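Each remark here refers to the structure printed beneath this line.
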Amino acid sequence: MIISAASDYRAAAQRILPPFLFHYIDGGAYAEHTLRRNVEDLSDVALRQRILRNMSDLSLETTLFNEKLAMPTALAPVGLCGMYARRGEVQAAGAADDKGIPFTLSTVSVCPIEEVAPTIKRPMWFQLYVLRDRGFMRNALERAKAAGCSTLVFTVDMPTPGARYRDAHSGMSGPNAALRRYWQAVTHPQWAWDVGLNGRPHDLGNISAYLGQPTGLEDYIGWLANNFDPSISWKDLEWIRDFWDGPMVIKGILDPEDARDAVRFGADGIVVSNHGGRQLDGVLSSARALPAIADAVKGDITILADSGIRNGLDVVRMIALGADSVLLGRAYLYALATHGKQGVANLLNLIEKEMKVAMTLTGAKTIREISRDSLVQNAEALQTFDALKQNNAA
């Protein structure tokens, strides 16, 4: 199969992966309206073409939390990454490290902190949820600090799991789920050999290390369902801010007032995100939410964005709408499932090339030069953004 875009990796991953795994990353909450709008709204943002600008010395380099990045991207935290390729977190982290961008390890990774961190030169980032088991949270933070993790990404948009109807149909959950997953595994031999047999153990590495016993997929579903904490408030984050002496990023911001609260709290960054459309269906896409948030807090806090980014043009669009950098999630997981570390490396190279084309043809020589001026101001999508900003201000 010829791979020329992230969409090609998605098609390849669908053939390789058992359906319960493919649809787990590909699907969203409820009827998946927000999942679709994430991609559609971002692709509707019209770039402003400029010509004859002497773009010979173009640079994608940027600085984020005092780290030099080869381009304004990082790999997002993705749960169960090690189920998509053999020791998937290690492979993805290696590709990010080689490219000169950060890798973020999920709380619910297959490979534990201690397995991934020693394999890369750049300090990785670590993602954590607010959970009922505060002992686990403290244990995870201590281990992340000991492993040299530089930045804490704190996910706050999961006080309760989203309803993902597709999971019940795919075998991730629902009737006879374990039997259905077994049958899917044996009928997908490439995955069964590479990951099913040779990618063991299939533990939730960070949780197993804390509990002192092996964990599996059923434990993942049950443990998280019992540990998400709907009583979470800003006060619950204070001890974490005191404990963690590195950059702290709040992930899951969609409203300007919440962004202002993050500034008042003392966070170093926010991620404008709807969890990839996997939590509350019907909320704004990240692309629609971002401009008003940027207007509210740009310059007071570092702004990252995710959800819907599928290529380098989307990265440029998000930065033009107000982000300082972006997180890549689904796109890199499709590539990882297809060709492992090399797939992720190739995807990052594709995104880099696409960014260079977009920047060359919009007249932005550096990341700092990408702004609202890089967009067509009277495009339909931007008119919608302006209307939303006016409604938020009213």
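Placed from the backbone N, Cα and C atoms, the Cβ positions cover glycine too.
Quantities reported herein were computed from a predicted structural model and do not represent experimental measurements.
Among the features that Swiss-Prot reports, active site, proton acceptor is placed at H275, with the record citing sequence analysis. Annotated substrate binding site per Swiss-Prot: Y24, Y129, R164, R278, in sequence order. According to Swiss-Prot, the feature FMN binding site maps to S106, Q127, T155, K251, 306-330, an assignment based on sequence analysis. The domain 'FMN hydroxy acid dehydrogenase' annotation in Swiss-Prot covers 1-380.
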In three-state DSSP terms, the structure that V326 (FMN binding site) belongs to: strand
Rounded Cα separation (Å) that holds between Y24 (substrate binding site) and R330 (FMN binding site): 10
CB within-chain contacts under 8 A for V326 (FMN binding site), separation at least 6: P72, T73, A74, L304, A305, D306, I309, D314, V315, M318, I319
Chain-internal residues, separated by at least six, CB under 8 A from R278 (substrate binding site): G27, G28, A29, L35, G162, R164
Longest CA-CA distance among Y24, Y129, R164, R278, per record bound to substrate, angstrom: 19
Predicted model, mean pLDDT over the domain 'FMN hydroxy acid dehydrogenase' (1-380): 95
Spatial neighbours of R310 (FMN binding site) that are distant in sequence (at least 6 apart) but have CB under 8 A: A6, S7, V39, A331
Other CB atoms, at most 10 A from the CB of Y129 (substrate binding site): 23
Assigned element (helix, strand, coil) containing Y24 (substrate binding site), judged by DSSP: helix
Length of the line joining the Cα atoms of S106 (FMN binding site) and H275 (active site, proton acceptor), in Å: 13
Length of the line joining the Cα atoms of the residue listed as 'active site, proton acceptor' and R330 (FMN binding site), in Å: 11
